[in-house]
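What follows is a short report on a single structure.
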Amino acid sequence: MATVPPGIRLLVSFDRDQWYRALTFILTFLLYTSFHLSRKPISIVKSELHKNCSSVNELATIASSGSGQLPSLTSLHTDMDCSWKPFDKRNYKQLLGAMDYSFLCAYAVGMYLSGIIGERLPIRLYLTVGMLTSGLFTCLFGLGYVYNIHNLGFYIFVQVANGLVQTTGWPSVVTCISNWFGKGRRGLIMGLWNSHTSVGNILGSLIAGYWVSSNWGMSFIVPGIIIAVMGVVCFFFLIEHPNDLKSMYAQSSSPGKSVPTKKWTGENGHTEMYMQYEDNKAQSYDTELLLPRDSVCVPMQPVVVVKRESEPSAISFMGALRIPGVIEFSLCLLFAKLVSYTFLFWLPLYITKAAHLDAKKAGDLSTLFDVGGIVGGILAGVISDKLGKRATTCAVMLLLAAPTLYGFSMISEFGLGPTIGMLLVCGCLVNGPYSLITTAVSADLGTHKSLKGNARALSTVTAIIDGTGSVGAALGPLLAGLLSAGGWDRVFYMLMTADFLALLLLLRLVTKELTSTKPRPISAVELKEH
């Protein structure tokens, strides 16, 4: 008899719950990857919406001087024609910043509502609708190129609508992953899982960069189709909570069914109800000892069902704010996300201008920032698990990020090698705290001991923290658009100031962690199912 292959032996060593846990991890990872994949194209396409047409102008000037004629009206407007109206004006940075702001402002406002709504609706259906509509609006932006639309209002409307529907994503996936994974090793698990943000940004950059120079409309249409397809996958396969499976298996494991059939007059004239056991399958030996194969009538005993405790209600907005640490981490994330999203929306354009690269090369190079972000998120999770100090871990990374940002501001003076290194280190230190706060910290606070086991607070707490962070995400790109007109140095001074403020907001929690007399690594806490 042949031996069982080691791969099969490995597969069968995992129990059913572990397989479903792995499915949830992978599926939610892919779902939110598609969200970020659909947000990234705008940062890649910016350099195409307003091109650096100086070389085209020089060629037109040489041609006109060689012919001895005055430049024609067409050559005088070459700079206008090679850019996409209405982004061909001198205030193009403000217009592009306004587009970012419209998306992120809608996202920030919608996030506060999304968590409250998400607590009261089935997560699977809520997330599916959000992904399908997000795919629709992402494709609509790309159709602006296909149908030659030059109305700024159209692009603003699409950005606002897309920002609102994308708020369905984060509270839903964090709630779902937290339902399946308890507090044990949460930092590591969430750090690995949260790399979907950087993976989505990388894929979005590569997809958008492939079409940006030839047909930038496809840079939006393809990601829009991808997120819509993932919405369908979500509808068919997402399991919100382990208890959903338990109820399903409890029903399917019933060997037969019982239906009331007869009434018999018992002793002293009392009427007793009997149940008939109908067996449609072969019975086991143990079952036959209790019930013979022939139909029998089993007397029913009166049973009083006592509800142990009422179903926990969804927490209110003010109730979530009263959870210790929610306000500090929310405000810290505001400034941390301001830095992260400024890089997300403006890094490719900055590399294009500072390093004098074309749109595709700048987009490809900007993915290294996200690679560093993956490492930073995992590193922050592992360290915070080991030490049991989330706030301290974030504070140290924020402290190290400030000088790194200053060094990155001089990218034009570096060669390619140092630039790659700076992108990786900067991505690690900027995205590490952002990743930790939005995942492990949010999950910890959403299941805080003050809630007394009410797991229905998780989506609301997550939405408050990420919604406050999204205010910073909206302000960062807008301020970058305004400040960059006076030089990129101003943008980096703004980023360093935001980084310092984020650090200040954590000082009370850091002091509390460092003076705590009960050091307890989070990794020591056992996994638990809610």
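Backbone N, Cα and C define each Cβ position, glycine as well.
Unlike curated entries, TrEMBL annotations are predicted automatically.
Sequence annotations record features per position, and here TrEMBL assigns transmembrane segment to 19-37 (among others).
A mean pLDDT of 78 is what the model gives for the domain 'Major facilitator superfamily (MFS) profile' (27-514). According to TrEMBL, the feature domain 'Major facilitator superfamily (MFS) profile' maps to 27-514.
Positions annotated as transmembrane segment by TrEMBL: 95-117 (among others).
What TrEMBL lists as transmembrane segment is 123-147 (among others).
What TrEMBL lists as transmembrane segment is 192-212 (among others). The list of residues near the transmembrane segment (192-212) in space but at least 6 beyond its ends in sequence, with Cβ under 8 angstroms from a Cβ of it, reads 25, 28-30, 32-41, 43-45, 47-48, 177, 218-220, 222-223, 344, 348, 359-360, 363-364, 366-367, 370-371, 373-374, 377-378, 381, 427, 431, 435, 438-439.
Annotated transmembrane segment per TrEMBL: 218-239 (among others), in sequence order. Long-range contacts of the transmembrane segment (218-239) within the same chain: residues 20, 23-24, 27-28, 30-31, 34-35, 37-38, 40-41, 44-45, 123-125, 127-132, 134-143, 176, 204, 207-212, 245, each at least 6 residues beyond the stretch ends and with a Cβ under 8 Å from a Cβ of the stretch.
Annotated transmembrane segment per TrEMBL: 326-347 (among others), in sequence order.
If you look up TrEMBL, you'll see 367-384 (among others) marked as transmembrane segment.
Here TrEMBL flags 391-408 (among others) as transmembrane segment.
Residues 170, 174, 177-178, 183, 186-187, 190-191, 193-194, 197-198, 323, 325-326, 329, 332-333, 336-337, 339-340, 343, 365-366, 368-373, 375-377, 379-381, 384, 390, 393-394, 397-398, 400-401, 404-405, 407-408, 411, 414, 458, 461-462, 465-466, 469, 502 of the same chain lie 6 or more positions beyond the ends of the transmembrane segment (420-445) yet place their CB under 8 Å from a CB of it. Summarising the annotation, TrEMBL assigns transmembrane segment to 420-445 (among others).
Marked as transmembrane segment by TrEMBL: 457-479 (among others). Beyond the transmembrane segment (457-479), the same-chain residues lying 6 or more positions past its ends with a Cβ under 8 Å from any Cβ of the stretch are 97-98, 100-101, 104-105, 107-109, 111-116, 118-119, 167, 170-172, 174-175, 178-179, 314-315, 317, 319-321, 323, 326, 329-331, 333-342, 344-346, 434, 437-438, 441-443, 445-447, 451, 491, 494-495, 498.
Per TrEMBL, transmembrane segment is recorded for 491-510 (among others). With a threshold of 8 Å between CB atoms, the same-chain residues lying at least 6 positions outside the transmembrane segment (491-510) that come near it are 325, 328-329, 331-336, 338-339, 342, 346, 350, 389, 391-392, 394-395, 398-399, 401-402, 405-406, 408-409, 433, 472, 476, 479-480, 483-484.
Listed as Cβ neighbours of the transmembrane segment (367-384) (distance under 8 Å, sequence separation of 6 or more from its ends, same chain) are residues 186-192, 194-195, 197-199, 201-202, 205-206, 343, 347, 390, 393-394, 397, 420, 423-433, 435-436, 439-440, 522. Only residues 6 or more beyond the boundaries of the transmembrane segment (123-147), in the same chain, are considered here, and those with a CB under 8 A from a CB of the stretch are 31, 34-35, 38, 41-42, 84, 117, 154-155, 158-159, 161-162, 165-169, 172-173, 175-176, 215-221, 223-232, 234-235, 238, 240.
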